[in-house]
Amino acid sequence: MGFFTDAYDLFCISLVTKLLGRIYYTKPGAPKPGTLPPNVAAAVNGVALCGTLAGQLFFGWLGDKFWLGFGIGGDYPLSATIMSEYANKKTRGRFIAAVFAMQGFGILAGGFVALIVSSAFDHKFKAPTYHENAAASLPPQADYIWRIILMFGAIPAALTFYWRMKMPETARYTALVAKNAKLAAADMSKVLNLELEVEEEKEPLPHGSCWTLHSTAKIFSRKDIFSAINWIPPAASMNAIHEVFRIARAQTLIALCSTVPGYWFTVLFIDYLGRFFIQMMGFFFMTVFMFALAIPYHHWTLKPNRIGFVVMYSFTFFFANFGPNATTFVVPAEIFPARLRSTCHGISAAAGKAGAIIGAFGFLYAAQNRDPKKTDAGYPAGIGVKWSLVALGVINFIGMAFTLLVPEAKGKSLEELSGENADENDEEKAASARTPPV
């Protein structure tokens, strides 16, 4: 539910940015509805990502200091860490991936809420299109729509707060870091409904365990690609409320047909195919589909070919989630030692959000038309959608190359992956070698 809430809060803002532009930046007599100025659009789209990045680093560090379950950014390292330390090695991948897959339902929920709210307002407050009557196309009640959509995100957070407060700390942390084996056994007894015996405590592990960090930045585009290919009608041909409905419908269809299935394909197959294979496959197909969209881009903008563009664009989302978007959440929760797991997962997740911030701020400018007369209001000329897609394809290829550095965690225990017991095992082997056989 934490990830459900995270996804809703992060993605619902993109559904209402055009409405915000109409409400606050429409000029009387202008031929088109108002849009957010570049600096405002970048801030609105990027502020949640910046906050999430800070939360991932800060709460990831706090997670290794025994703080639990606070802040959206904190949910990335903490939810992954909690699940990885409770799961067994045979099904650990699918359980961690299932946590991340709740993002898909959060995205869907955002779309459905936007559809319901905008439909209700559109039915109640009939308004002409902007072309027909610019002033009347924005009824005063439209200002409530974006507030209701955003405020709804507080409901799942409030519903889960009680259970977060009751959640016990993971046994691995309690035993390995807090050095309280009795409490760890007591907590696991409650979770498993079994009586567990505590073995005699061994010498604490040294604090110099080695660890390495592999993280892959995920590129996220905030540009409304559907407007670029004219899948959504021009803003002036709709009223403000109906525009929210059309944007929400398009994004919900993409989520329903590609994003959510991609998450759950990962859940089903990650413990069979392995993390490395799924990540490599995902980056490969994302690269292929990005170039397939970019190189013949003019072909896809023609009216008969728009559905083909949307289908191929959907496949890039499918293989992002049946690929690196999921695996870069799973792997950091498995390869680091318990005392650093939350911190390092926070760093890894923050690297992904850094890529998202670059996408949110950079793609808005890069995707602008190369002709200064055809750019959105307030934007300088860019490289165009075609070359922006080419750039994303190149980045995906680079991600595929870096995947060669990712260790395979399938079927291995957390201790085996992190090497936490290596020093202890070496000492036991050395002691055994010093003891003469009887």
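Just so you know, glycine gets a Cβ as well, placed from its N, Cα and C.
Across all of the domain 'Major facilitator superfamily (MFS) profile' (1-411), the predicted model scores a mean pLDDT of 79. Look at TrEMBL and you will find 1-411 tagged as domain 'Major facilitator superfamily (MFS) profile'.
Summarising the annotation, TrEMBL assigns transmembrane segment to 40-62 (among others).
Within the same chain, residues 1-8, 11-12, 15-16, 79-80, 83-84, 86-87, 139, 141-142, 144-145, 148-149, 152, 241-242, 244-245, 247-249, 251-252, 255-256, 259-260, 262-264, 266-267, 270, 321, 325-326, 329-330, 333-334 sit at least 6 positions outside the transmembrane segment (95-121) and bring their C-beta atoms closer than 8 Å to a C-beta of that stretch. Sequence annotations record features per position, and here TrEMBL assigns transmembrane segment to 95-121 (among others).
The transmembrane segment annotation in TrEMBL covers 144-163 (among others).
The transmembrane segment feature in TrEMBL is assigned to 252-270 (among others).
If you look up TrEMBL, you'll see 276-295 (among others) marked as transmembrane segment.
The feature transmembrane segment is assigned by TrEMBL to 307-326 (among others). Here the transmembrane segment (307-326) has long-range neighbours at 97, 100-101, 104, 216, 218, 225-226, 229, 231, 254, 257-263, 265-266, 269-270, 278-279, 281-283, 285-286, 289-290, 292-293, 300-301, 399, 403, meaning same-chain residues at least 6 beyond its ends whose C-beta is under 8 angstroms from one of its own.
Positions annotated as transmembrane segment by TrEMBL: 346-366 (among others).
Per TrEMBL, the feature transmembrane segment maps to 387-406 (among others).
Per TrEMBL, the feature region 'Disordered' maps to 416-438.
Annotated compositional bias 'Acidic residues' per TrEMBL: 417-427, in sequence order.
For the transmembrane segment (252-270), the list of distant contacts is 93-94, 97-98, 100-101, 103-105, 107-108, 111-112, 114-115, 278, 310, 313-315, 317-323, 325-327, 330, 410: same-chain residues at least six beyond its ends, Cβ to Cβ under 8 Å.
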